[in-house]
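Each remark here refers to the structure printed beneath this line.
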Amino acid sequence: MTRAPLAAYPALRLRRLRQADWIRRLVRETVLTPADLIWSMVVHEGEGEIRVASMPGVTRLSVKDAAQAAKEAKALGIPAIAVFPHIDGAKKDARGSRAADPNGLVCNAVKAMKDAAPEVGIMCDVALDPFTDHGHDGLIEGGRILNDATIEALVAQALVQAKAGCDILAPSDMMDGRVGALRSALEAEGLQDVMIMSYAAKYASAFYGPYRDAIGSGKLGTGSVDNPGDKKTYQMDPANTDEALREVALDIAEGADMVMVKPGLPYLDIVRRVVDEFALPTFAFQVSGEYAMLMAAAQNGWLDEERAILESLGAFKRAGAAGVITYFAPRAARLLGA
Ligand code: PBG
């Protein structure tokens, strides 16, 4: 019998390692588990749950339900919850005064969740936008977002959050120097164990749209000189990548324990660069618009919802992220068999 010369066959058959589930599992390079998830959760001051129209499956939770959800996180093996407040319009002002209210919604939610499930880490956004009537993350004067004055307000906000029991402060405002200011304020107050996960590389993104609906911050300003219509003077230009590394380097130098890249999937290249360059725990935020996109396609029958959820989350692990902040957290944990 004559044999074809060996060269007629592929020299290497990579498909050999894909032929059955057992071998695929054996050679798998990254694994997603509930321990990779931070549950992004919206709370409100009223009773009951309120659906967020642009984010099917996401509801604003009452403080009581948030405490229950913290227990659920524990049962599902989700290590931490990131809490975002929906504040009544009547309670907002230009200075975002309620951000530093020790008896406000965020502090009440933190206390209730820590009481219900002390083993679950609680992370708070440090930024003024849920509390300002103009929807910006900082104080405005003459149409400009004031950097240093905003930092003072952020420090006041962060200290009440930390004193309420928040474990991780997550400044998402993108003012220059805020991480250093938070770190020294924490040290001065004897709160040295409070962690900082900075939104280090946060882009001025269209993908935050549904979040404004979720927390009720409405449309940003009119675009007039006194009322900027976007966040481009403080959030990063989506076209940039080296700048992300400079932001991360600064935040680490100022005392951040962990950093975050935001949004998530469209910015996985940034996640990979940050991980390779700095080798510190790097998280990514699968933001509201990413959630909405997946759900909209799934509800139209255009995507297999469960597979798409897990594949999108697994992509963050492949890019080198330590974990993902996601509205899918409880759902994904269940899909993972928790
Ligand atoms: C505000 C903040 C935003 C998000 C988290 N914190 C919106 C923004 O910067 O405009 C977005 C979260 C999401 O879209 O899921 N500091």
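The backbone N, Cα and C atoms fix where each Cβ goes, glycine too.
Copied from TrEMBL, the annotated features are:
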| type | residues | note |
| --- | --- | --- |
| ACT_SITE | LYS202 | active site, schiff-base intermediate with substrate |
| BINDING | GLU247 | Mg(2+) binding site |
| ACT_SITE | LYS262 | active site, schiff-base intermediate with substrate |
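Feature annotations (TrEMBL) mapped to structure.
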| residue | record | DSSP (3 states) |
| --- | --- | --- |
| LYS202 | active site, schiff-base intermediate with substrate | strand |
| GLU247 | Mg(2+) binding site | helix |
| LYS262 | active site, schiff-base intermediate with substrate | strand |
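Within 10 Å of its Cβ, the residue among the active-site residues LYS202, LYS262 with the fewest other Cβ atoms is LYS262.
Across the fold, the C-alpha of LYS202 (active site, schiff-base intermediate with substrate) and the C-alpha of LYS262 (active site, schiff-base intermediate with substrate) stand 5 Å from each other.
Other Cβ atoms within 10 Å of the Cβ of GLU247 (Mg(2+) binding site), summed over all protein chains shown, number 23.
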